[in-house]
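Accompanying notes for the structure given below.
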Amino acid sequence: MRIVLADDHRLVREALVPFVQRVRPEVKVDEADTLQEALESAAQEPAPALIILDFRMPGMNGVTGVRAARRQFPDVPLVVLSGTANRHEALSTMRAGVEGFVPKSLNGESMVNALRLVLSGERYFPSFLFAEGGEEEAARPSLSGVGGSLSPLEQDALNLLVEGLSNKEIAQRLSVQEVTVKKRLSSAYRKLGVSNRVQAVQVVSMAGQAV
């Protein structure tokens, strides 16, 4: 498996490579320090399984570079790294169609898990995207980019969770075992980038919609 990692700071790349290599067995990491180098590397065979781009590096111009990469590689998952990780950046990349937004403030294990999630076909956006006090977003964020990756049972369980039902009550409502509800909610938390039911309720509530 080949993964393209682009960041204009060599020390950052050297720190990230060992974690990227842990994502899957036998991962080959091709490094680049500009958007152009990353796109040229991604165009080579074999096609990469994942492209990781620093939000601020030569050639990126923020979300403009993300869109260029998305157009050139519509079928390759894209993950954006950000050193500032502000809400505006995260939401703009989500709207540009990336599969993941990873703040550089994450610890290594969390980053590995986020990349594994993206490679499994899901999306990763951290919970701060939906926290109150975010930057210059008058409108509430949409969960369309994240909710679409949830299974029907996960969506139903989350919506009932927001209504205040316990796991036992959700299980009764959905006619499934309580252990199934726990597993589905844990999976939904992971996809939403949260760690517990309180954060999950906040994410859905802040979005102002059912998932």
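In case you wondered, yes, glycine gets a Cβ from its N, Cα and C as well.
Taken straight from TrEMBL:
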type    : residues : note
DOMAIN  : 2-119    : domain 'Response regulatory'
MOD_RES : Asp54    : 4-aspartylphosphate
DOMAIN  : 143-208  : domain 'HTH luxR-type'
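Looking just at the domain 'Response regulatory' (2-119), the mean pLDDT is 91. For the residue listed as '4-aspartylphosphate', applying a Cβ distance below 8 Å and a minimum sequence separation of six or more within one chain yields Ala6, Asp7, Asp8, His9, Val12, Met60, Val80, Leu81, Ser82, Gly83. For the domain 'Response regulatory' (2-119), the number of residues in each DSSP class (helix H, G, I; strand E, B; coil) is 51 helix, 24 strand, 43 coil. Residue counts for the domain 'HTH luxR-type' (143-208) by DSSP state, with H, G and I taken as helix and E and B as strand, are 49 helix, 0 strand, 17 coil.
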